[in-house]
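Novice: Structure provided below as structure tokens; questions to follow.
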Amino acid sequence: MTDTEPNPSTGVPAAGAPDADVLTADLNATQSEAVRTVDGPVLVLAGAGTGKTRVLTTRLAYILRAGLAMHGQILAVTFTNKAAREMKERVGAMTRRPVEGWWLGTFHALAARMLRQNAERIGLNPNFTIIDTDDQLRLMKQLLQAQSIDEKKWPARTVLHAVQRWKDRGLTPDQVSAEDAGDLAGGKAIELYKQYQQRLLTLNACDFGDLLLHCLTLFREAGDVLEKYQQQFKYILVDEYQDTNVAQYLWLRLLAQGHKNICCVGDDDQSIYGWRGAEVGNILRFEQDFPGASVVRLEKNYRSTGHILGAAGGLISHNEGRLGKTLWTEIDQGEAVRVRGLWDGDAEARFVGEEVEALQADGHPLSEIAVLVRTGAMTRGFEDRFFTIGLPYRIVGGARFFERLEIRDALAYLRLIQSPDDDLAFERILNTPKRGLGDKALQTLYQAARARGTSLMRAAFDVAQTEELRPQARRALGTLLEKFARWRQLAQESDHVSLAQTVLDESGYTEMWQRDKSAEAPGRLDNLKELISAMGEFDALGGFLEHVSLVMETFADDAAEKVTVMTLHAAKGLEFDTVFLAGWEEGLFPNQRAMDENGVKGLEEERRLAYVGLTRAKRRAIVSFAANRRMFGSWNAAIPSRFVDELPKEHVKMESDPGLYGTGTGFGGGGFGGGRDTFSSFAEQPSRWTPGMARAYQRRQEGEAPTKFIEGTAETVASAPGKFGRGDRVFHRKFGYGTVRQAEGERLTIDFDKADTKKVMASFVVPPEQAD
DNA sequence: CGCAGGCAATTTTTT
DNA sequence: ATTGCCTGCG
């Protein structure tokens, strides 16, 4: 069935019929305009909650239904797999046809598709691998070592970061100016970049940046290829345009030069990825970049109350160089944004916990409540608190499934079966599990590979026949290579799921973790099982590996009846009835480092982040800050974020705890939380354990006394007699870990572990005003 | 080759 | 405080 035929099952008329108008019937005037402006470049400035996704999907369906193009002639680009998936679902529902094979996907997935179609034109094999950060880093380290560059002075991360920024700007090694490189890596940065690219080419591999960069090179050097795509894509749709980097912009501009029908949707006020190369300038310059462009502003907000929009709008108005939008809503004014000052981070977590419980008691679903924080580390305090009070919660983010050690190892085996020349994979598993092939053996193999001009795997087959390695190592290598030969055979004969199972068993990898008695081993084995079962959803090994490289997603259970805790970045594109915005302290948010490194630009991006946070809220936004926060072990005093002051007074209700900043007597954040088990909140989810936590948990399992937390004033502790006994392990927020020597009435004596605080205290709790 | 102990680094995150 | 990384020794 072609795109121009009527759909027999739905009776949808043929393309070109006025029926396409039906699609826009439910939209407001500007949304409809955004959908129907189909000749020439269009920029849709879509404020938060103005129906951006709806416009984008309707536009795609409209173009199809109006018969302006067939699906193969539309390029629809998103940033995340999630956005791509959502768009596929919605367009599929609207057009009632499968969305298979469409050019709808992320920048990287679409670029990879184009590259695979034309790989040989730029010296790659169509089955090139896409490497992850881990591999990138190891590769760069090797290059630094080869150049004898001091890794202390120029860490591989730093150099790699620079390389990535160049790639974001669409610069190949010869296009980087010496001035740009500066004295990075002792002035050898450009040379390193060049070598890095050469090495990747030899490995038949790309990193994420290359997917776009190679496309640009391809377009530049193979005019016929570019022309073909330019002809093919009659319409181009782009989501989240404010987050594009220069390479992505160039890619789009080249592709759009054919039909000039490019529609970019975005919001300059929601650009929060400058630190990874996004250029707000792209959206600000749209009208110059695409002459004759129309601009449509979506300003009617369907999400938030008047107070929330007022607060967010007032805050963002402190940024300069905006395209400018004023959101309005027909929803009621609602409640003012609450701003709550608290004594410390624990008090803040306690406050949020109590508020959530109150909302829950009023019948508010937990799935409509979110706690948004600036840094990933801040989720821990809330997790701890929510667990303690038995509040169901979900942490978004953290270590992602495919980034876990055991998953990467397992994937390396599979990659190596798929493409034997994948040196990075080879290196990773050569001695994992330990089989007596360490650094020495690897060096020998490297030399052999270099001498022969082949990959490590091929060189290894030769070396196994010679005297170059000690007999023991030679035998071990021989055994490994035999296994690989067998597995490769098996890959032809059996399905990829049983292949993976066999590989993990025969390689001794599963056994390695079964033998491992550390507490995190069971979690790792679970993850391996999960990996095997995930593979079942793919037809073949190749497809699975491509998915893994491009879609680094955790298979998470969403939709559960839980409070969500996540970073502000992770919250983009989501909405909740109630949003808690925690940690609004100067230095933390706006983040000091962001300001130090990027000055006013950095500050403005932080402000946009605050704006994004506020506009996630449909009915309630509650901002909080703490006067004291423990960071990296020590206590920091803090003042409220400047963003608190920037919220327009008429939309805000201040409710700082009494006693903060000398405004009264008494101290907030009292309460008593003693007797809490340090590790209980993680006991049920071993897969989330860090090695340190796992060790501590194990110590506890072995009978060591549990650690108790002490918080609150001397009085409150004294009012809870019997909570502490001789020999209890305690943790005090200022003095750290200790042991109770004596506990009678309100006199507690504690020996603290740290030498400088090893003193006997009559009253162990520091009143809040004395805390640093 | 493997392990214990010393040592810096510790924003945000997708693909 | 915690973590991963590096080094030096057995």
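Positions of Cβ are set from backbone N, Cα and C atoms, glycine also.
Annotated ATP binding site per TrEMBL: A:A46, A:G47, A:A48, A:G49, A:T50, A:G51, A:K52, A:T53, in sequence order. Feature annotation from TrEMBL assigns domain 'UvrD-like helicase ATP-binding' to A:25-305. The feature domain 'UvrD-like helicase C-terminal' is assigned by TrEMBL to A:306-573.
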Novice: Can you name every residue in this chain, apart from A:A46, A:G47, A:A48, A:G49, A:T50, A:G51, A:K52, A:T53, with its Cβ inside 8 Å of the center of the Cβ atoms of the recorded ATP site?
Specialist: A:V55, A:D267, A:L298, A:N301, A:Y302, A:R303
Novice: Using all protein chains in view, find how many other C-beta atoms are within 10 Å of the C-beta of A:G51 (ATP binding site).
Specialist: 20
Novice: Does anything in the same chain, at least 6 positions from A:K52 (ATP binding site), have a Cβ under 8 Å from its Cβ, and if so what?
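Specialist: Spatial neighbours, sequence-distant, of A:K52 (ATP binding site): A:V44, A:A46, A:D239, A:V265, A:D267, A:L298.
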Novice: So if I draw a 10 Å sphere around the Cβ of A:T53 (ATP binding site), how many other Cβ atoms end up inside it?
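Specialist: Its Cβ has 16 other Cβ atoms within 10 Å.
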Novice: Return the residues near A:G47 (ATP binding site) by Cβ distance under 8 Å, restricted to its own chain and a separation of at least 6 in sequence.
Specialist: A:D267, A:D269, A:R297, A:L298, A:E299, A:N301, A:K325, A:L327
Novice: Find, among the binding-site residues listed as A:A46, A:A48, the one whose Cβ has the highest number of other Cβ atoms within 10 Å in the structure shown.
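Specialist: Output for this query is A:A46.
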Novice: Show which residues of the chain containing A:T50 (ATP binding site), separated from it by at least 6 in sequence, have their CB under 8 Å from its CB.
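Specialist: Correct list: A:Q31, A:L298, A:E299, A:K300, A:N301, A:Y302, A:L327.
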Novice: I want to check the contact list for A:G49 (ATP binding site): same chain, sequence separation of six or more, C-beta distance under 8 angstroms. What comes out?
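Specialist: A:G49 (ATP binding site) has long-range Cβ partners A:N301, A:Y302, A:R303, A:S304, A:L327, A:E575, A:T615.
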Novice: In the predicted model, what is the mean pLDDT computed over the domain 'UvrD-like helicase ATP-binding' (A:25-305)?
Specialist: 89
Novice: State the three-class DSSP label for A:T53 (ATP binding site), counting H, G and I as helix, E and B as strand, and everything else as coil.
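Specialist: Note: A:T53 (ATP binding site) is helical by DSSP.
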